[in-house]
Amino acid sequence: MIKITVSASKKYDVIMEQNALNKAAELLSQAEIKSDRKLCIITDKTVNSFYGKESGILWQNLSQAGFRLYKYVFEGGESNKTMSTVTAILDYLADNKFSRSDALIALGGGIVGDVTGFSAASFLRGIDYIQIPTTLLATVDSSVGGKTGVNLKAGKNLAGAFWQPSLVIFDPQVLQSLPQHMILDGIAETIKAGFINDKTIIDEAENNISIGDNRFLTQLAAKAVEVKRKVVEEDERDNGSRQLLNFGHTLAHAIEKCSNYRISHGHAVAKGMAIVSAAADEMAWTSVPCAGKILEILKKFNFPLDCPYSPSQLTEAALQDKKIRGNKITLVIPESIGKCRLKTIATDDLEEFITCGMDALKGM
Ligand SMILES: NC(=O)c1ccc[n+]([C@@H]2O[C@H](COP(=O)([O-])OP(=O)(O)OC[C@H]3O[C@@H](n4cnc5c(N)ncnc54)[C@H](O)[C@@H]3O)[C@@H](O)[C@H]2O)c1
């Protein structure tokens with residue numbers, strides 16, 4: 001068992017253990033979530049069919065321990081990560097007389113986690129929730145750190161709250177049903193964590209590529225969570241160093257938007273890290289050249305690194321990002337392998353920066 005304790009505005013454990021779903025009740029009890037409480041499992045239709053059923057391991061384990069279980073299942077996908085899904089969940093909790101001492105369980109990927117977390121933050125001005133991530137991306141990124149929220153018509157994640165979970169439980173067994181391209185989405189975020197703050201992730205991923213091996217994935221995921229823990233503890237509300245977690249993300253969000261979300265987030269992050277690191281090397285903003293290593297590792301995992309959009313298309317999409325303040329944009333730049341820093345540039349210079357990176361990549 002791997003246990004990582006996050007000490008943010010709330011202190012909680014991230015437990016990573018094979019077959020952890022079989023002992024969920026015991027883990028909840030250790031986190032002071034007692035079995036006299038009502039629990040509402042919130043999940044999407046796909047995850048429900050794998051892990052949410054009343055006959056399944058998780059439900060059986062919790063109900064046998066005495067928890068009074070409820071379940072709310074919604075249609076997954078970004079188009080349902082909305083206020084109306086949250087409102088429906090809040091109404092369901094109110095109809096079933098949930099109180100402040102009851103709790104929610106987010107069983108699913110990042111969308112379920114974000115929607116459930118925001119529902120927990122809002123219901124009765126805040127109740128406990130437990131994250132049980134079922135994608136690698138949710139495990140290494142969205143289940144830890146307490147960013148919750150939904151999309152608005154104007155863009156992704158524009159409404160939300162910082163609300164930390166009470167416990168995170170990752171059972172690597174759930175990865176068995178996850179399609180390979182979605183494992184790769186999680187690998188991209190894991191590699192990102194390595195380049196930000198932990199070179200050993202890069203070394204291990206390089207020497208030991210085995211995306212079908214749960215032990216290998218769990219070890220890498222634990223290291224990525226450790227990076228996230230440090231950053232979140234330092235800057236929980238994302239006013240400074242937490243922005244480092246956005247390495248590759250300014251461009252990734254632009255690529256996702258230009259593709260009308262056909263290119264997945266993790267694959268877009270891989271392309272974004274490649275362009276930014278190539279540009280940073282060209283501009284001599286890195287203390288040692290980084291792009292070569294970043295490309296080498298991304299190519300080992302067979303990430304397609306071509307970008308079908310022009311620098312002007314990407315710039316236009318990037319400048320619609322909610323994080324832009326005035327006429328400046330903060331980029332995350334690699335400084336050396338395992339270390340990144342923030343660099344603020346004028347929005348007028350962004351297109352030149354992207355052009356520089358895309359041109360440099362053609363020769364690599
Ligand atoms: N809050 C944060 O800090 C944070 C960080 C990163 C990403 N996010 C958010 O996370 C979301 C993306 O998360 P995601 O990539 O996990 O996507 P997701 O939640 O949409 O899951 C992807 C798909 O996989 C299915 N699925 C989930 N687990 C499965 C399993 N074990 N087996 C088979 N199918 C499974 C889901 O039903 C869904 O169709 C985005 O909305 C993003 O904004 C949030």
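Note that Cβ sites are derived from N, Cα and C of the backbone, with glycine treated the same way.
Note that the structure is predicted; figures quoted are calculated from it, not measured.
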TrEMBL records H249, H265 as Zn(2+)-binding residues. Which of E189, E316, E335 is assigned to the same site?
E189
When the pLDDT values for the domain '3-dehydroquinate synthase N-terminal' (72-183) are averaged, what is the result?
97
Looking only at T134, T135, the binding-site residues on record, which one has the least crowded Cβ, with the fewest other Cβ atoms within 10 Å?
T135
Closest to E189 (Zn(2+) binding site): which of the binding-site residues T134, T135, K147, going by Cα position?
T135
Roughly how many Å lie between the Cα atoms of H265 (Zn(2+) binding site) and K156 (NAD(+) binding site), rounded to a whole value?
12
Determine the C-alpha span of the NAD(+) site listed in the record, that is the greatest distance between any two of T134, T135, K147, K156, in Å to the nearest whole number.
21
Kindly assign H249 (Zn(2+) binding site) to one of the three DSSP-derived states: helix, strand or coil.
helix
